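S.K.: Taken from TrEMBL, the feature domain 'ABC transmembrane type-1' covers B:93-304. Positions annotated as transmembrane segment by TrEMBL: B:9-29, B:92-117, B:129-154, B:185-204, B:239-265, B:285-308.
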């Protein structure tokens, strides 16, 4: 499959009062056409910042993309002037967010909010845009689309609002849909419906999905390719089957172990001991070393690089480097 | 909606009744009256006058008479000016309204624009400059700015007249009259605008900063909308919503005149009349005016509630 997006060495930093924080630290990965890539990791590992960096929406005062390259369909997103990027945003790359309840403008009718990208990117007039908006509302499985188009966000449930967000996102047939924890705020039955819907649109529209989540259940259900992030770095990546069957990095192993298994009752669910390190106090080391059960002396002083292992998986861990050194 | 309105109107009547009682009793129980201050009168003449004006009757009875007259459209008779209070209001309030309307309009327009830009470019040199200017404007007293501007622009440079509404002895009519009034009102309007601008700009700036952090602004940007559209279609409307409360307060301010500004610029407005009447203990006029402001305040509050209903779909009355 062809590469749709190729990210190389992306770094995004935030300047805070306490100092500079590298929220995304030399992250590289690819998204192929028609593929679903999942970024997994705990809160604060840089998943969402990666997404915002792709969109060019890193909050201006304080945060900025410090380096790297994002090649999207042959164009360099980071070197682009703001107007060209704006024409891509919402058009070729669309995004949906975690909180559907607060992601729509409370004083604007649903219909108008769906019409906006149609009028900006596809240059439809008001009448055409309205018709298309109603079609889109039907497409995301909401009844009485006319009535919904004239209602306000507070009159709809969270699940319906996320469907509306999806309608807005797919309105211009994007090549890439970035979904930042799209189901986290919804209850389980609605979660499944939303994920099914995303899969359906992916299949029919041929778009790629970059799905950001901390829910391994969602990953197993959706992903073709998985990227595991920790403290702003990619620690492991690989195909979903390989990664679930044969995780390499101790962090990935820990994540998989802490996932509850249906039908199995345990007194206590496994959790990785400790917490994500303070991004201000990172030193050259494996950032996971103090939580790692297989920590080696070298892990405390040097940072492992992402390396291709057998089976096409990649991991950044000294366990595998050491093995090579010993051989 | 209509049941809500009926209920609100009933509440308004109760509040106004309580306000009228309070206003009347406070003024009526203040020691001394219009007659006390006149040292040329003999004690017998004073008693006679009190009898004529009905000032010797018990307070509640006087309140009853006052209210009864008010319901018949008679808000009292100014003792000092020897004119009906309503007629005096009509003579003076529109002058005050002219100043207040122009300066309120300018204040809101400038505050919204500066507040929005300042919030959008938070911590930029523009924002810093605005914040310094706001604090300067807020910490200077009105009489100081007023007198300072008179000294510079009117006395030294002679660009603008120092006070009054028309040039003394002028009989200009039509366009010439209009031009004269505009020249005279320039200074007081500038001072009033400066005074109101500080707090209102800060208010809009902080509202806008809050709104710009909201998720729906991120969504609007993610749709690929132009920044101008994000700011003015999505952010501004939400940032303006809380300001509706202020609209309610602006109503009495529009007609209430300004005690200090009108005094400094010798503007023939209701504020000046009010101050003068205080010195003369012209209670019918003072009571009438206070009651008038109370009515406007209550109406303003109702107005702002209705405006909320119109502007914010989440508000149901």
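Heads up, the Cβ atoms here are built off N, Cα and C, so glycines get one too.
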S.K.: Under 8 Å between C-beta atoms and at least six residues away from its ends: which parts of the chain pack against the transmembrane segment (B:129-154)?
M.R.: 114, 118, 160-163, 187-188, 190-191, 194-195, 197-199, 201-202, 205, 260-261, 264-265
S.K.: So which residues does the transmembrane segment (B:285-308) touch in its own chain, when a touch means Cβ under 8 Å and the partner is 6 or more beyond its ends?
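M.R.: Cβ under 8 Å, 6 or more out: 8-9, 12, 15-16, 19-20, 23-24, 27, 66, 70, 75-76, 78-81, 85-86, 88-89, 241, 244-252, 255-256, 270, 273-274, 277-278, 315, 317.
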S.K.: How about long-range neighbours of the transmembrane segment (B:9-29): same chain, 6 or more residues beyond its ends, C-beta under 8 Å?
M.R.: 59, 62-63, 66-67, 70, 283, 286-287, 290-291, 294-295, 298-299, 302
